[in-house]
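Database features (TrEMBL):
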- 15-270: domain 'Glutamyl/glutaminyl-tRNA synthetase class Ib catalytic' (DOMAIN)
- ARG15, PHE16, ALA17, PRO18, SER19, GLU51, TYR186, ARG204: L-glutamate binding site (BINDING)
- 18-28: motif ''HIGH' region' (MOTIF)
- 242-246: motif ''KMSKS' region' (MOTIF)
Amino acid sequence: MSPTHSRPAHDAAGRFAPSPSGDLHLGNLRTALAAWGFARTTGRRFLLRVEDLDRVKPGAAERNVADLRAIGLDWDGPVDHQSRRIPHFLERVQELTAAGLTYECFCTRREIHAAASAPHGIPGAYPGTCRHLTEEQRARRRTERPPAVRLRAGVREFTVRDHFAGEFTGAVDDMVLVRNDGTPAYNLAVVVDDAEQGVDQVVRGDDLLPSAPRQAYLAQLLGHPAPSYLHVPLVLGPGGDRLAKRDGAVTLRELQDLGHSPEDVVTWLASSLGVAHPVRTAAEVLERWDPGTWSREPAVFEPWDAAGD
Ligand code: GLU
């Protein structure tokens, strides 16, 4: 039996965790529908968690929630907001610090970029510049710039299992846990929340597959098992790049302005996932749920005409 269909613990959960940086586009809605479907067809609770620690656009969270409801999704318990748990995330970092597993980092973005693109650097990975500063050096640097807090990673890579991608090994670097403005970083918050909210099934876009190894490693350090991962292929725009605003009407509201209903959107989302028969509602998606038959290729969005033309 695949991990997805094995019997979950009775309080196990799946989730959708949007960053409220703008309206959800068809790719985000499709991921949400998939996450909801996987949770609902495996007896899990489904949680909606707004990841509002950064990149927040005023009003976007409320609009995200309304759009998810409009396409027929439901969730267990109230909508959750990460910004309400900042002290809790920082406490978990203090525990790691007490165990000697963090260090302060004073690097600017530019310094990190220069060091990471040096020969033998892992592309995009932090090269560990501040790992070995002496206490004296740190004291001096603190007067120049507030530090970020990084994980002192004990491995350089880690392996996870993904329902779609199979075994996947990816880089683990000294990731930022607390940004230098004092805000907990995404990788920390997502791991702490998934672990503590009973999330054992993570369904999200496959742009985040490369982050899964470092997140699973961090979960292990915090004493939690890694969740099952299901990274679904993204929706691409007609040009082959990831779907974006420039591709035309791509949000529920924009499509509604063209005369399309939420049911039309569900029909598109379901068929682009690979649901075999045309369906109109999220409930019908569950009736036709057969992810073994879904395409592993990204879906391509073609601009929609105005309804009725
Ligand atoms: N909040 C993240 C995003 O919208 C997703 C996090 C996750 O699913 O792990 O990109």
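Keep in mind that glycine also has a Cβ here, set from the backbone N, Cα and C atoms.
Model, not experiment: these values are computed from the prediction.
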Among the binding-site residues PHE16, ALA17, SER19, GLU51, TYR186, ARG204, name every one whose Cβ is found under 6 angstroms from ligand 1, counting any of its atoms.
ALA17, SER19, GLU51, ARG204
What three-state class does DSSP give TYR186 (L-glutamate binding site)?
helix
Please list, in sequence order, the residues in the chain of ALA17 (L-glutamate binding site) that are at least six apart in sequence and whose C-beta is under 8 Å away from its C-beta.
LEU48, ARG49, VAL50, GLU51, VAL190, ASP193, ARG204
Most crowded position, judged by CB atoms within 10 A, among PHE16, PRO18, SER19, ARG204 as binding-site residues:
PHE16
Are there any residues at least 6 positions away along the chain from TYR186 (L-glutamate binding site) with a Cβ closer than 8 Å to its Cβ? List them or say none.
GLU51, LEU53, ASP54
For the binding-site residues listed here (ARG15, GLU51), which one has the lowest count of neighbouring CB atoms within 10 Å of its own CB?
GLU51
ARG15, PHE16, ALA17, PRO18, SER19, GLU51, TYR186, ARG204 excluded, remaining Cβ within 8 Å of their centroid (L-glutamate):
ARG49, VAL50, VAL190
Grab the L-glutamate binding residues from the record (ARG15, PHE16, ALA17, PRO18, SER19, GLU51, TYR186, ARG204) and give me their largest CA-CA distance in Å.
16
